[in-house]
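Report on the following structure.
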Amino acid sequence: MKQFCVFGNPIAHSLSPLIHNAILQSLNLPYLYGRFHLQEAKHLKATFLQLKLSGANITLPFKEQAFRQADEVRGIAQEIGAVNTFVYEDGKIIGYNTDALGFWTTIKDKNIQTALLIGAGGSAKAIALILKQNNINVFVTNRSTDKAHIFEEKNIPFVSQDKLLNTRYDLIINATSATLHNTLPLRESLLYPLFESAKIAYDLMYGGQNIFLDSAKRHNLHTQDGQDMLIWQAIFALQLFCPELSQKLCDKEAYRIMSLVCK
C-alpha cells in the first residue's frame, strides 16, 4: 500500500488528509494519506524516509527546508526556492512546488493588474513568481526585511511598510500565518487605506472568514480564503503521486469531490 502524508507545525487543522483520501477512495485506490506533526525542520527528510512514504505535502513552516533537503528539485520549485511536495522516485526524494499553479488557477480570471503580497515565506515566493510570470505587477512587503533580497534578485519589488500607500493594488494577499492567531498581517492604519482602493482580499489560510477577510468585507472588497488554492495544489500534487490519476479523473471532477468534503 502506498502511503502519503502532510508535514507541518501546526498540522491538526489541516484538511489535506480529508481531501486527498476523498479522491483516493473515489477511485478505490489502496492508498492512505495522513498527517504528521513535525517538531523540527531538520528531521523532515529522515522522517519521510523512516515512514516509508511514497509522497508527501509540506506546509508551514517547512517549505524552504524541504527545498534544501530534497535530493532533486524539479519545475518551478527550482526558481522559487521552496518545495511543498515530495515524491519518492527511484530511491530519491524529488521536490516540486504545486502552490504556484494552485494559486494561479484560482485567480487567473479575476482581471488583476497589480498585487500586494504580505509575507516572505515559501508560499509567498511561489505566488510572487507565478504572478510575475503572468505579467501581474506584484509587490512584496513583510515586517522583517531579512528576505527582501530574495525577491529583488528576481526583479520583484520589496516595499517597506512606510511606502505601501504610494501604490494602488487590485489584489491584497495575506501570505502570513497572522490570521491563525486572530491578528492582522499589517497594522490597521496601513491595511485599511489599502483596502479602500483594492478589489480583492485573499488569505492563503483557509477556514472561512477571519479578522483579515472580515475587515476587507467591511470595506466592500470581494474576499477569498485559501480553500480553493488548497484544493488545486492538492490535485496537482496527487497527479505527481499517482500519474495514472489524470487518466481516471478530470481536474473538474477532482475539484468537485474535494470541494464537497470541505463543506
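Every residue, even glycine, has its Cβ placed from backbone N, Cα and C.
Listed in sequence order, the residues of the same chain lying 6 or more apart from LYS63 (active site, proton acceptor) and placing their CB within less than 8 Å of its CB are ALA82, VAL83, ASN84, ASP99, GLY121, GLY122, SER123. Taken from TrEMBL, the feature active site, proton acceptor covers LYS63.
Residues annotated as shikimate binding site in TrEMBL: SER14, LEU15, SER16, THR59, ASN84, ASP99, TYR206, GLN233. DSSP gives GLN233 (shikimate binding site) a helix state.
Counted within 10 Å of its Cβ, the other Cβ atoms near SER123 (NADP(+) binding site) come to 29, all protein chains included. Residues annotated as NADP(+) binding site in TrEMBL: GLY119, ALA120, GLY121, GLY122, SER123, LEU204, GLY226.
For the domain 'Shikimate dehydrogenase substrate binding N-terminal' (6-85), the mean pLDDT of the prediction comes to 97. Annotated domain 'Shikimate dehydrogenase substrate binding N-terminal' per TrEMBL: 6-85, in sequence order.
The domain 'Quinate/shikimate 5-dehydrogenase/glutamyl-tRNA reductase' feature in TrEMBL is assigned to 111-179.
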Practice task
Tell me the residue counts in helix, strand and coil for the domain 'Quinate/shikimate 5-dehydrogenase/glutamyl-tRNA reductase' (111-179), as DSSP assigns them.
Solution key: 25 helix, 15 strand, 29 coil
Fill in the blank from the handout: Among the binding-site residues listed as GLY119, ALA120, GLY226, within 10 angstroms of TYR206 (shikimate binding site) by C-alpha we get GLY226
Practice task
Give the sequence-ordered list of residues that share a chain with THR59 (shikimate binding site), lie 6 or more positions from it, and have CB atoms under 8 Å from its CB.
Solution key: VAL6, PHE7, GLY8, ILE11, SER14, SER16, ASN84
Handout entry: shikimate site, defined by SER14, LEU15, SER16, THR59, ASN84, ASP99, TYR206, GLN233: further same-chain residues with Cβ within 8 Å of the Cβ centre
Key = VAL6, ASN57, GLY226, MET229, LEU230, ALA234
